[in-house]
Amino acid sequence: MTETLGKTGTLVREVAGTTHAPPPPGRRRRRAVAEEPGKPWMIRVPLFLYLLFTLIPFYWMLVFAVRPSGSTQLVPWPISFEHFDTVWNDIGFGIFFYNSVVMGLGVLVFVTILSVMGGYALARFKFRGQRVFLLAMLCSQFIPGAMMLIPLFVIFKGIGLLNSITGLVIAEVAFQLPLSLILMSGFIRNISVELEEAAMVDGCSRLRAFFAVVLPQLKPALVAVGSFAFIGAWNQFLFALMFATRQDKFTLPVGLSYTLGEFNTDFGALAAGGVVAAVPVVLVFAVVQRFLVQGLSAGAVKG
Amino acid sequence: MRTRTWAPYALIAPTLVLMAIFLVYPIGSVVYYSLQRYNVTQPWKNGFAGLDNFKQMLFDDPLFWQSLAFSAKWVFVEVGLQLLLGLVLALIVNETFIGRGMARALVFSPWAVSGVLTTGIWILLLNPSTGIFQELSNLGIGSPGTSVLGNPDTVFDALVVTELWRGVPFFAILLLADLQSIPKDLYEAASVDGASRWRRFTSVTLPHLKDAIILSTLLRAVWEFNNVDLIYTLTGGGPANQTTTLPLYVARQAVDSHNFGYGSALTVAGFLILLFFSIAYLRVSKFGSRA
């Protein structure tokens, strides 16, 4: 460990030494200031601006959703829930919401289980066709979703899965699985093999060793991949739009897209529908983003 | 640990089955359709067409070239800006400051929002009568009734900014994750050697981020190329096909015209272009070789 550190340290020293002439004395002070960890304005000002950019659109939606029709106040008071009543009961967002939840959870469960299985196979075994399998999954990322529309439509029609949430779940799982599986195998590879081997030497089966040793350490990865899957399914638009023509099978993005067209002037309904679609997924995201960053930095990006 | 057993095959079997049905078979059938005359509205003409669809596309269809050019412009502008802003954002929220966790959760949150929802939110924000431009003009900034979405000169900018809103967080998250895997010792060593903040950024941070940047820009380029939901719901490809991307054109051929043969040929072309672009990009950027 110390050896590597020494090496990298020297490396940086060399780079800095060869190309950097000794600085003129006048610049020394300025650099000393730049090195202070503080420099709050360098962080605060751009961060504040970016926060405005992020939050103003959300705020606008919230305002439109809760202020009564006809009002133009930017700080709405009193708050009215008439638009929510309209979208939830009259337009049918209650049903869309239910469909989206079922689809999101279905995709979450299957993607998580299948990616743990496949990720474990990739990380812990060496098998014939491994490279081809990995390559095929990477290549699948370059296939346009729109490319699948025509043949998938034909398939779904053939097996009677048009207008069915089950069909949407299957298609979405198939599309999310490659990337989730690659991420998951990265996580598993980063978990050291020794404990697992020790458990197996002690008489555990591989399966028991997996559940006792690997799975507990995999929690952040499960949260990251699972939430990725849920958010992806919640937002799936193209397939949901194509494969669900009956209104009782719409998911939230599809319902919302119709709201965009049909209620072009009813901004209150549009905003209330938007809040219904946004709140669960933004909440999920706010909770798990920490795990997501941790999980990704744990090795997934490095592959 | 690495033994030859049937176990790995059993573990990847479900994935293989799904991929075979929903990826391999559709690719095959798209290629097959692309060589056919296959139009639901004119079934009597259906049959083998050879390369006719491709000939028509290359020599006889200005909309193909127009949509391809718009796709290229869209990807270039969008991914470039997302990378730049995403990197800045990642560097900012990688610093230590009070409320960092909260700030991260807030600035990353649009990433979780779908294209359709993004469209809905921005239509509310940009609409000429009650949107932000009206409010600003009430305060004396700008002119009242500014309609950026209805104006052909500004609709592209509006699209770009809208997609940045939810696209920048994606880059920031990926790059932040990679930033956190940089050993702190490297910075300390560089500091001891008198490297300035900028110098540490160019000599330590950027080389370390190189692979993550290449991979995320590539993934994002492919996703933005294939982006349908945002553009479809915001402009529908208009005005006058100005914002029609290749996938949108495919969807229109398939859904509106029921011309599955020609739509499939367009799809195959899009796939080949992406494939070529990806390979070239990985080669030129020397992915996997640390600077």
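A Cβ is built for glycine as well, from the same backbone N, Cα and C atoms used for every other residue.
Nobody curates TrEMBL annotations by hand; they come from automatic prediction.
Summarising the annotation, TrEMBL assigns region 'Disordered' to A:1-31. For A:47-66, A:95-120, A:132-156, A:168-188, A:209-234, A:267-288, the entry in TrEMBL reads transmembrane segment. Positions annotated as domain 'ABC transmembrane type-1' by TrEMBL: A:97-288.
When each of A:47-66, A:95-120, A:132-156, A:267-288 is checked for Cβ pairs under 8 Å to the transmembrane segment (A:209-234), A:95-120 comes out on top. Of the candidate ranges A:47-66, A:95-120, A:132-156, A:168-188, A:47-66 contributes the most Cβ pairs within a distance under 8 Å of the transmembrane segment (A:267-288).
Looking at which of A:47-66, A:95-120, A:132-156 has the most CB pairs under 8 Å to the transmembrane segment (A:168-188), the answer is the stretch A:95-120.
If you look at the transmembrane segment (A:132-156), the same-chain residues 6 or more away from its ends with a CB under 8 A from one of its CBs are 122, 162, 167, 171, 175, 178-179, 181-182, 238-239, 242-243.
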